[in-house]
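Worksheet: one structure, shown below.
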Amino acid sequence: MDFLPTQVFYGRRWRPRMPPRPWRPRMPTMQRPDQQARQMQQLIAAVSTLALRQNAAAPQRGKKKQPRRKKPKPQPEKPKKQEQKPKQKKAPKRKPGRRERMCMKIEHDCIFEVKHEGKVTGYACLVGDKVMKPAHVPGVIDNADLARLSYKKSSKYDLECAQIPVAMKSDASKYTHEKPEGHYNWHYGAVQYTGGRFTVPTGVGKPGDSGRPIFDNKGPVVAIVLGGANEGTRTALSVVTWNKDMVTKITPEGTVEWAASTVTAMCLLTNISFPCFQPSCAPCCYEKGPEPTLRMLEENVNSEGYYDLLHAAVYCRNSSRSKRSTANHFNAYKLTRPYVAYCADCGMGHSCHSPAMIENIQADATDGTLKIQFASQIGLTKTDTHDHTKIRYAEGHDIAEAARSTLKVHSSSECTVTGTMGHFILAKCPPGERISVSFVDSKNEHRTCRIAYHHEQRLIGRERFTVRPHHGIELPCTTYQLTTAETSEEIDMHMPPDIPDRTILSQQSGNVKITVNGRTVRYSSSCGSQAVGTTTTDKTINSCTVDKCQAYVTSHTKWQFNSPFVPRRMQAERKGKVHIPFPLINTTCRVPLAPEALVRSGKREATLSLHPIHPTLLSYRTFGAERVFDEQWITAQTEVTIPVPVEGVEYQWGNHKPQRFVVALTTEGKAHGWPHEIIEYYYGLHPTTTIVVVIRVSVVVLLSFAASVYMCVVARTKCLTPYALTPGAVVPVTIGVLCCAPKAHAASFAEGMAYLWDNNQSMFWMELTGPLALLILATCCARSLLSCCKGSFLVAMSIGSAVASAYEHTAIIPNQVGFPYKAHVAREGYSPLTLQMQVIETSLEPTLNLEYITCDYKTKVPSPYVKCCGTAECRTQDKPEYKCAVFTGVYPFMWGGAYCFCDSENTQMSEAYVERADVCKHDHAAAYRAHTASLRAKIKVTYGTVNQTVEAYVNGDHAVTIAGTKFIFGPVSTPWTPFDTKILVYKGELYNQDFPRYGAGQPGRFGDIQSRTLDSRDLYANTGLKLARPAAGNIHVPYTQTPSGFKTWQKDRDSPLNAKAPFGCIIQTNPVRAMNCAVGNIPVSMDIADSAFTRLTDAPVISELTCTVSTCTHSSDFGGIAVLSYKVEKSGRCDIHSHSNVAVLQEVSIETEGRSVIHFSTASASPSFVVSVCSSRATCTAKCEPPKDHVVTYPANHNGVTLPDLSSTAMTWAQHLAGGVGLLIALAVLILVIVTCVTLRR
């Protein structure tokens, strides 16, 4: 974004606040926002109070007390101020801290409120030479000069920017890109910056704070706040900040924009709309009219301002919005009451109607905490007041109290209760198959309910433990927050049904008397004309019996929980809702760290000595195309050997961070020793190849020796046989010597050649050319052998690396992080230039299409509707997997008696549907379709005085300009991606896995519920939900359902791609990408300008350059040290370069001081490479030893090609062997040729 500030032209300086200039249209300081004025007044008052507190004397304290002793009368202004000062002492926590005072001082000039319809929605900030306002904040800046500016909008950074007016530039703050980890300042105090993220304690910051700046400890702005993401005890801030070269936006996952809402929610009552937070109607106070108030809330239950309306109805303050307090979190429960419901097991194996009925248990917290909902209410008294030591429960039609200390929760043993409020209990229980809740009532009787519930300890991390450790590491987890404040979670309430009670009916002389005891009673009978009615006073039904009467206690002044074990009053479901405590939040849990593995390295393997305290998971993966992945739980002390291929391996032990191993080419023997030591050396590196070569050489030597012996034997036979058959024949001297004939007498060589010339000239030439042919043959064999070995050696060492002399240059750099590419660019008239390119980071990002999100579900079962003496009918509702069924022949009973009193048949309408579980916002999986991936690479380019890192998309051609030089990167040689076309993302893990399409989920499988987002209304569900017939006599809604497919997938899922990705890829999920995959090469073309070179006349001049290698360890990262000696005729700085891939130099340039030490890395045992310093060159030759360690934790920065890599000593021995064998064969051939020539001559 080119209009963001990249330089600061105006610094901040201190000066007294001046009055408005006559020509300046800016309003006086008094028109600054009221909030800031109040803050400044509070600051001045707090500082004054602090000064008075430190410097006050005894007479001054006496003066403060004098006005109190006088009679009441109008006080002057001065004593009033003195009376107000002590009030500040009562609330010292309101005094701004040092950080807040500093920010308020700076903010007074550089930030302005943004208002929409008179309401503050955010802030704008003057930074550098720009005014910045978050783009998502509606409204205009509350300043006439700034409001009329023309703003440019950047959707990438969510900012609107404009140039600051000249008259206001002195008010702007500086900014800085330097952000060392630590604490920074903003309006509410300290901001922690660690790991590239800004965080504040949860509860600090809210909607309306968007646009506030974050300052460093000296005053410059380091970031601008846009929003926040709740992460449990901390809130991660979404900010726009500055890096060294660019502006960047940091957006944590789950970020909510902090612009204040501008919409006023409206509610309805009898077709009259009003603001929900400020109702102006008569029945809007619960204390004045409970029943109409509840009905009003039921009619607006789906309104966005429902809770504002509920708050106004409870507090009965219609004139203004009242401030909510922590002490009033229980006040919403004034509208509710506990209840009694059917419990199948009341502690002794029998059923009952219990006030301790367990409605629901949630075990979504990964720290093992259970959230239990039951029928009674904790922390409330029967008079609707708050008392955390009390439990109120339903005792018939009344409400009774019990002591909170008698509450017990049991599993396989007693649980620890950690929090209670309303209907909810937080408890940590040992693993078990049941849960029971009990308390002792006011009559000293135990009220218990028990249900079957399987629960076990959840696994956090990679070690199974039972006790929280004192020392370890913190891992992300979830827990139920111990807060009673309003949350986003809620439960449904409804008007309770009429409760049958036969105890209020009594028989008196043929009449039935109804004793109401101050209640409202609805009655019905089959006697006379007074069949049905409602009464609030005692009533007598004449000429009737109790068996023909039924009485119901009616109470519509309070809600109760919408329980499936209590019938609802009406078929049309009317409900309200209240917030529930203890929301599920993200936090961190301390987990143990197993003792570190002891590593013993071997040849291409590493042995881990493991000493686990708990069952601990060990996993490893190898790099390369053919990956190997394995994991196992280690329960006892053991040793595990893992292979270490050439590409490397990564293992993770328990909760420790992953460790990587790379093979070091170590071996026994010596590359520069005797033949058996050389064979031992190469056998350790390449056993198969060494065995094959040794066998082949041995066979060749043996065959050569056998052939030589055979030729000698044949020659001797041919030359001796004629003389043996001829009596008196004399063997010539030459033949005798060649054939080892005893007593041989032969003519001299000259006589023999003269005889051949006279008698057979053909034989003369044959005998003359034999030795010459043998000499030529030996020479050719030696040359061929030397040429062959030398060619192979040069090919292996890649002699002749890139030296470019053309104007357009091309190169191919490896797509491997940390592996440098270096080239020597030569241009006529200029000193050679060293070019180095190195991949710093790669990111393979696929194009994703979100198919749906899936998670656990919860089954909502509303209270059943029982139609007495009639038939109920189901109605279609637009809810996920909505099921409705009507069952006849039911005879429900409640604690007060039969619910229905008639001769005809009763029916029960049961309903159930599926919703996303509350845990979904913390625990869900996203199903994506992956398409073409883009490969983004960060490449560090160094040449001359240029050292810059650039980003390029190398899956195609991407041009980048670096210091005036145009570089074109890509396309990468090997298009590859680790992602399949269908992928799943779950809690930072990625899985290549197939999944059903949207709307085709199956019960019990992944995707049984599906939605586009976590709060959308397009939820699809197929969980196999079926309603069952209720048991006779009980009010309940039985159903069957397939267990959650998401939970099943969690248990059965395979290892994620994060743990087994090939080529060393690091898988990230926010966004989805594969980092640092070592696959393929990246072609580069460039056009280096002349200005990047140094002319020969300006370059340093050195001569007599020599290179001496002092020490060398091959296959080690820069394990070689060489000393360059030279004479300096003109000093300066010279580029240094190796002209061979055999060795990679660590240094790029050196200062010419006559002697320089350089470091190089090589995989060769006898490297020989040319080093150039400026225009001079020298050859470095070394004899390297193998490294001592078999396995190392870092890759070496050199060419890993080692075959055929023969050391100079091995080459010498090979030449000697070849020369000896060749000489033996040559002698045998020479003897055979001479003998053949002589025999043919005869």
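Here the Cβ of each residue, glycine as well, is placed from N, Cα and C on the backbone.
Annotated in Swiss-Prot:
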{"type": "REGION", "residues": "14-101", "note": "region 'Disordered'"}
{"type": "COMPBIAS", "residues": "26-42", "note": "compositional bias 'Low complexity'"}
{"type": "REGION", "residues": "35-66", "note": "region 'Host transcription inhibition'"}
{"type": "MOTIF", "residues": "59-96", "note": "motif 'Nuclear localization signal'"}
{"type": "COMPBIAS", "residues": "74-86", "note": "compositional bias 'Basic and acidic residues'"}
{"type": "REGION", "residues": "82-111", "note": "region 'Binding to the viral RNA'"}
{"type": "REGION", "residues": "96-110", "note": "region 'Ribosome-binding'"}
{"type": "MOTIF", "residues": "141-151", "note": "motif 'Nuclear export signal'"}
{"type": "REGION", "residues": "152-157", "note": "region 'Interaction with spike glycoprotein E2'"}
{"type": "REGION", "residues": "180-190", "note": "region 'Dimerization of the capsid protein'"}
{"type": "SITE", "residues": "Tyr184", "note": "site 'Involved in dimerization of the capsid protein'"}
{"type": "SITE", "residues": "Asn217", "note": "site 'Involved in dimerization of the capsid protein'"}
{"type": "DISULFID", "residues": "Cys267-Cys276", "note": "disulfide bond"}
{"type": "CARBOHYD", "residues": "Asn271", "note": "N-linked glycosylation site"}
{"type": "DISULFID", "residues": "Cys281-Cys285", "note": "disulfide bond"}
{"type": "DISULFID", "residues": "Cys284-Cys316", "note": "disulfide bond"}
{"type": "DISULFID", "residues": "Cys343-Cys449", "note": "disulfide bond"}
{"type": "REGION", "residues": "350-353", "note": "region 'Interaction with host Mxra8 receptor'"}
{"type": "DISULFID", "residues": "Cys415-Cys429", "note": "disulfide bond"}
{"type": "DISULFID", "residues": "Cys477-Cys589", "note": "disulfide bond"}
{"type": "REGION", "residues": "508-511", "note": "region 'Interaction with host Mxra8 receptor'"}
{"type": "DISULFID", "residues": "Cys527-Cys544", "note": "disulfide bond"}
{"type": "REGION", "residues": "540-546", "note": "region 'Interaction with host Mxra8 receptor'"}
{"type": "CARBOHYD", "residues": "Asn586", "note": "N-linked glycosylation site"}
{"type": "TRANSMEM", "residues": "691-711", "note": "transmembrane segment"}
{"type": "REGION", "residues": "714-718", "note": "region 'Interaction with the capsid protein'"}
{"type": "REGION", "residues": "719-739", "note": "region 'Transient transmembrane before p62-6K protein processing'"}
{"type": "DISULFID", "residues": "Cys719-Cys740", "note": "disulfide bond"}
{"type": "CARBOHYD", "residues": "Asn760", "note": "N-linked glycosylation site"}
{"type": "TRANSMEM", "residues": "762-782", "note": "transmembrane segment"}
{"type": "TRANSMEM", "residues": "786-806", "note": "transmembrane segment"}
{"type": "DISULFID", "residues": "Cys868-Cys900", "note": "disulfide bond"}
{"type": "REGION", "residues": "890-907", "note": "region 'E1 fusion peptide loop'"}
{"type": "CARBOHYD", "residues": "Asn947", "note": "N-linked glycosylation site"}
{"type": "DISULFID", "residues": "Cys1065-Cys1077", "note": "disulfide bond"}
{"type": "CARBOHYD", "residues": "Asn1076", "note": "N-linked glycosylation site"}
{"type": "DISULFID", "residues": "Cys1112-Cys1184", "note": "disulfide bond"}
{"type": "DISULFID", "residues": "Cys1134-Cys1174", "note": "disulfide bond"}
{"type": "TRANSMEM", "residues": "1218-1238", "note": "transmembrane segment"}
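Structure with Swiss-Prot features highlighted.
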residue : record                                                : DSSP (3 states)
Tyr184  : site 'Involved in dimerization of the capsid protein' : strand
Cys267  : disulfide bond                                        : strand
Cys285  : disulfide bond                                        : coil
Cys316  : disulfide bond                                        : coil
Cys343  : disulfide bond                                        : strand
Cys477  : disulfide bond                                        : strand
Cys527  : disulfide bond                                        : coil
Cys868  : disulfide bond                                        : coil
Asn947  : N-linked glycosylation site                           : strand
Cys1065 : disulfide bond                                        : coil
(request) State the non-local partners of the transmembrane segment (691-711) in its own chain: residues 6+ outside its ends, Cβ under 8 Å from one of its Cβ atoms. (result) 679, 683, 1217, 1221, 1224-1225, 1227-1229, 1231-1232
(message) On average, what pLDDT score does this prediction assign to the region 'Interaction with host Mxra8 receptor' (508-511)?
(response) 84
(request) Sort out the sequence-distant neighbours of Cys527 (disulfide bond) for me: same chain, 6+ apart, CB within less than 8 Å of its CB, listed by position. (result) Val512, Ile541, Asn542, Ser543, Cys544, Thr545, Lys548, Cys549
(message) Spatially, which candidate from the disulfide-bonded residues Cys267, Cys449, Cys1184 is nearest to Cys284 (disulfide bond), comparing Cα atoms?
(response) Cys267
(request) Could you check which of these recorded positions, Tyr184, Cys267, Cys415, Asn947, sit within 10 Å of Asn217 (site 'Involved in dimerization of the capsid protein'), going Cα to Cα? (result) Tyr184
(message) Counting Cβ atoms within 10 Å of each candidate's own Cβ, which of the disulfide-bonded residues Cys477, Cys1134 comes out highest?
(response) Cys1134
(request) Tell me, if you would, which residue among Cys267, Cys316, Cys343, Cys544, Cys1065 (disulfide-bonded residues) has the fewest other CB atoms within 10 Å in the structure shown? (result) Cys316
(message) Measuring Cα to Cα, how many Å separate Cys589 (disulfide bond) from Asn271 (N-linked glycosylation site)?
(response) 52
(message) I want to check the contact list for Asn586 (N-linked glycosylation site): same chain, sequence separation of six or more, C-beta distance under 8 angstroms. What comes out?
(response) Asn230, Glu231, Gly232, Pro476, Cys477, Thr478, His922
(request) Write down the Cα-Cα distance for Asn1076 (N-linked glycosylation site) and Cys267 (disulfide bond), rounded and given in Å. (result) 55
(message) Cβ pairs under 8 Å only, please: of the recorded stretches 350-353, 540-546, 714-718, which one is richest in them relative to the region 'Interaction with host Mxra8 receptor' (508-511)?
(response) 540-546
(message) Below 8 Å Cβ to Cβ and six or more residues apart, same chain only. Which residues does that give for Cys868 (disulfide bond)?
(response) Tyr899, Cys900, Phe901, Cys902, Asn906
(message) I'd like to confirm something. Which of the recorded positions, Asn947, Asn1076, Cys1077, Cys1174, has a Cα closest to the Cα of Cys1184 (disulfide bond)?
(response) Cys1174
(request) Indicate whether Cys429 (disulfide bond) is helix, strand or coil by DSSP. (result) coil
(request) Between Cys285 (disulfide bond) and Cys316 (disulfide bond), find the distance joining the two CA atoms and give it rounded to the nearest Å. (result) 5
(request) Using a Cβ-Cβ cut-off of under 8 Å, list the residues of the same chain that are 6+ residues beyond the ends of the region 'Interaction with host Mxra8 receptor' (350-353) and lie near it. (result) 340-344, 894-895
(request) List the Cα distance (Å, whole number) between Asn271 (N-linked glycosylation site) and Cys449 (disulfide bond). (result) 45
(request) With an 8 Å cut-off on Cβ-Cβ distance and a minimum sequence separation of at least 6, pull the same-chain contacts of Asn947 (N-linked glycosylation site), or say none. (result) Lys940, Val941
(request) Round to the nearest Å and give the CA-to-CA distance linking Tyr184 (site 'Involved in dimerization of the capsid protein') with Asn1076 (N-linked glycosylation site). (result) 33
(request) Take the Cβ of Asn271 (N-linked glycosylation site) and count every other Cβ within 10 Å, whichever protein chain it belongs to. (result) 5
